[in-house]
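Summarising the annotation, Swiss-Prot assigns S-adenosyl-L-methionine binding site to Gly104, Phe123, Gly124, Asn125, Ile126, Thr127, Leu128 and lists sequence analysis as the type of evidence.
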Amino acid sequence: MNIKIVCFGKLDKKFFIDSFNEYANRISKYANLQVIELKEEYQKEDVVNKNINSDLLIDKLKAFSDHEIICMDVSSKNYSTEEFMSIIENNKNLKQAKIVFVIGPSDGFSDKFLQQNYKKVSFGNITLPHQLFRIILAEQIYRAFKIMNNEKYHK
């Protein structure tokens with residue numbers, strides 16, 4: 001199985017890097033994980049930022065037309081761990097078994113981006129720093145694999 005995380009910016013603090021790498025190493029037992037970091041554009045107005053960065057994402061995601069694209073969007077349907085696991089499990093059972101998780105820019109996705117035919121998932125209605133969310137996403141991916149394989153995982 002191939003999993004990609006497309007996101008903006010780099011992890012810049014050692015504790016973020018170490019935490020993410022811990023989960024990435026754990027995930028490697030079950031899937032190939034690749035992180036694609038995009039440079040976020042900052043202009044003066046939030047709406048301009050949303051449009052520029054969302055257009056960059058739309059263009060970048062064209063290369064992954066054979067993947068299921070899942071946008072992590074706080075305003076979308078909340079998924080439980082089990083529901084999230086089902087997304088991964090359903091893709092694992094497909095021949096292509098390719099998923100791209102998209103973490104949007106700091107100003108959020110543009111309306112144009114949200115109108116694309118991508119699955120949208122939320123882990124809740126709280127606002128998190130992007131670097132921390134990347135770790136939480138990796139942890140949930142790892143947890144999903146543990147559940148799918150009936151392996152114990154400390155709760």
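Using N, Cα and C of the backbone, Cβ positions are placed for all residues, glycine too.
All features noted in Swiss-Prot, drawn onto the structure.
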residue	record	Cβ neighbours (10 Å)
Gly104	S-adenosyl-L-methionine binding site	24
Phe123	S-adenosyl-L-methionine binding site	18
Gly124	S-adenosyl-L-methionine binding site	10
Asn125	S-adenosyl-L-methionine binding site	8
Ile126	S-adenosyl-L-methionine binding site	8
Thr127	S-adenosyl-L-methionine binding site	7
Leu128	S-adenosyl-L-methionine binding site	13
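The full span of the recorded S-adenosyl-L-methionine binding residues, Gly104, Phe123, Gly124, Asn125, Ile126, Thr127, Leu128, taken as their largest Cα to Cα distance, is 15 Å. Apart from Gly104, Phe123, Gly124, Asn125, Ile126, Thr127, Leu128, the S-adenosyl-L-methionine site neighbourhood in this chain, defined by C-beta within 8 angstroms of the site C-beta centre, holds Val74, Ser122, Phe133.
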